[in-house]
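Feature annotations, courtesy of Swiss-Prot:
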- Asn7, Glu386: Mg(2+) binding site (BINDING)
- Lys14, His207, Ile208, Gly209, Asn210, Gly211, Asp283, Met284, Arg285, Gly331, Val332, Gly333, Glu334, Asn335: ATP binding site (BINDING)
- Arg90: substrate binding site (BINDING)
- His179: site 'Transition state stabilizer' (SITE)
- Arg240: site 'Transition state stabilizer' (SITE)
Amino acid sequence: MRVLVINSGSSSIKYQLIEMDGEKVLCKGIAERIGIEGSRLVHRVNDEKYVIERELPDHEEALKLILNTLVDEKLGVIKDLKEIDAVGHRVVHGGERFKESVLVDEEVLKAIEEVSPLAPLHNPANLMGIKAAMKLLPGVPNVVVFDTAFHQTIPQKAYLYAIPYEYYEKHRIRRYGFHGTSHRYVSKRAAEILGKKLEELKIITCHIGNGASVAAVKYGKCVDTSMGFTPLEGLVMGTRSGDLDPAIPFFIMEKEGISPQEMYDILNKKSGVYGLSKGFSSDMRDIEEAALKGDEWCKLILDIYHYRIAKYIGAYAAAMNGVDAIVFTAGVGENSPITREDVCSYLEFLGVKLDKQKNEETIRGKEGIISTLDSRVKVLVVPTNEELMIARDTKEIVEKIGR
């Protein structure tokens, strides 16, 4: 079975074509700057990279170009679009309705639309990708995989906020959590690496990229996660503030005379590492580099960043009454030995012991255990693979309906 995985953003479509027999990526790429001047397609086959400059006014045109490229004589990896057996889509928000991945039908499309106010930047764009695929590949089954679904096992004590209950009843304001597909993939893979059953382990997964979240996975089910009603809660991130006193935005709005929308943009796009560094960078690589060169302010930013992650890990060890493994993933988690070492230095009371050499060697796509043999809690690095998880779900659902 061949599955086309699509991640449709507001001005981009990322894609991978995966041959499920052997789980081999045949090609991948991104159509970027959709609806903006300078749009193009970056297409990769093995180690070859091809760039096609083309005006892409909308998502349908972008997907058309992607599909034409897949069957192109020179750049293509298949001869006919009929070789695509199914399409798997990433959808950011499934609300409370979707606890697992589902086959797309009219009812599902309507439900995704209904929860769009909870993810106004993402869901409408995800929907455009789904509708374009349904139009351009008629008769091919489409499956949606939700970022929020894995967190739907979180109990009420962890997902309800202490605000008037009527707001939950009226507006479904609660903790939803995000990065669910990544947390699900790395917790499953960590159990495989450890040679244990996922259902027997208490795992804390740390998805540390430009956006970042921690999840407590107890016996295969998520019981808490750091992102909340939106991806703004929790850790200090590239441009997002993470946790802060809810009175602060009101105070700033009053003092600076700014609107709620402006305040929201500041917390989402101008805060976090970017805000702390006074606009120097939102990229942790730049902050690390400056800190290593002796920049005291960047050293402090690293401390703030690492401290917050360690605090959440400690909290989740308490929430699960113990922890067997801690997993680092995503851009920073997979590639920053400094972050992993510093975070783990707070966790020695749990019995965490890091193997310095393994920690420094496990970067750039490598996976493995980076704790010492006598470490009570195992620490792992697992490169995330959300696309593969989406493809696996798609295959499973399509096979069930006998397509």
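Note that Cβ sites are derived from N, Cα and C of the backbone, with glycine treated the same way.
Owing to the predicted nature of the structure, the values given are computational and were not obtained by experimental measurement.
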For Ile208 (ATP binding site), write down the residues of its own chain that are at least 6 apart in sequence and whose Cβ falls under 8 Å from its Cβ; none is a fine answer.
Leu235, Ile309, Phe328, Thr329, Ala330, Gly331, Val332, Gly333, Ser336, Thr339
What is the Cβ neighbour count of His179 (site 'Transition state stabilizer') at a 10 Å cut-off, with all protein chains included?
29
Around Arg285 (ATP binding site), how many other CB atoms lie within 10 A of its CB?
12
Taking every protein chain in this structure into account, which of the recorded positions Lys14, Arg90, Arg240 has the most other Cβ atoms within 10 Å of its Cβ?
Arg240
So for Asp283 (ATP binding site), how many other CB atoms are inside 10 Å of its CB?
16
Show me the subset of Lys14, Asn210, Asp283, Arg285, Glu334 whose Cα is within 10 Å of Asn7 (Mg(2+) binding site); these are the binding-site residues I mean.
Lys14
Inside 10 Å of the Cβ of Glu386 (Mg(2+) binding site), count up the other Cβ atoms and send me the figure.
23
Neighbourhood of Asn210 (ATP binding site), C-beta criterion under 8 angstroms, separation at least six:
Met237, Gly238, Thr239, Ser282, Asp283, Gly331
What is the Cβ neighbour count of Glu334 (ATP binding site) at a 10 Å cut-off, with all protein chains included?
23
